[in-house]
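**Q** Quick one: the structure is below, and I'll ask about it shortly.
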Amino acid sequence: MGQKYLFIDRDGTLIAEPPEDFQVDRLDKLALEPDVIPSLLALQKAGYTLVMITNQDGLGTDSFPQETFDPPHNLMMQILTSQGIHFEHVLICPHLPADNCTCRKPKTELVTAYLNGGLMDVANSYVIGDRQTDIQLAQNMGITGLLYQRGGLNWQAITDQLTKRNRHAHVNRVTRETAIDVNVWLDQEGGSKINTGVGFFDHMLDQIATHGGFRMNIEVKGDLYIDDHHTVEDTGLALGEALNNALGDKRGIGRFGFILPMDECLARCALDISGRPHLEYKAEFNYQRVGDLSTEMVEHFFRSLSYSMACTLHLKTKGRNDHHRVESLFKVFGRTLRQAIRVEGDTLPSSKGVL
């Protein structure tokens, strides 16, 4: 996955644009836009890399000498740097519109390096600016544009929009045996809709969502006229993939997470969203089925899920009642998952720098 970038305009976006001549060519013309410093700090903390991109009409000519541009620009950069704000690059087009150059926004020559080689996370990178040319630049780059307005979509609103978690994933898995559609919303709770055709399995999947503190919709059409094997197995694969995708870059998650008593049962679960699939499972049942679910498929479900979710999962339960033993495994997994997916900060919980 590429890096999240913010390509930010300067005049009218980071700093106020003088209405009389649209040039910040004196120190007394320099004024930061409201809330720009705390907003940029919050956006950096959320994992965005900042790039400044600006058109400076006629820079270096008699109409806009370099020596009048540099003092306010350098002071602006010093202020931002002193507050912990870092721009990876400052990209400037010095040409006039009449020059018909190839680098003036909304043309993309200045950002060519970001458009090649998968460097940029296209789905989570943005252009922020106060003019339609900034929005057109975003369109030309294939990313989203945010039109800055001090009285509307201002820095506080932009920061709220870009840092508010909305971790969602959709997986559609179709084979000769099953057709499965899964939607997962990790930052929403309640209202899950689950229909696998296996009633007790639906109830168990709902336990994961309820105790995991998230919402999911699962719709399955499987070859139940044979048995429940493919339905349960493929649901585990699709759900694990959806959970893994919804976690995204995993920045700030707890990663690890529990022990759960349920009546006479004691269920244990240890989870590491490690990127390494592995299952250790210990549970014994008296009967082949609980309701319409084969008890042997419980282990198979968690093995499939741990494989596609790329997590290390240890599950164990003891008890006397098969219904309680099965349910305790799904509940304890949900509670453990709640801990592991909870956002606790902004750093990646790995000394390797990758999960």
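Numbers here mean position along the shown chain, with the first residue as 1.
Backbone N, Cα and C atoms are what each Cβ position is placed from, and that goes for glycine too.
Fair warning: this is a prediction, and the values are worked out from it, not measured in the lab.
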**Q** Given that Swiss-Prot lists ASP9, ASP11 as binding Mg(2+), which residue among ASP130, ASP160, ASP181 does it place in the same site?
**A** ASP130
**Q** What is the number of other Cβ atoms found within 10 Å of the Cβ of CYS101 (Zn(2+) binding site)?
**A** 14
**Q** Specify the count of other C-beta atoms within 10 Å of the C-beta of ASP130 (Mg(2+) binding site).
**A** 21
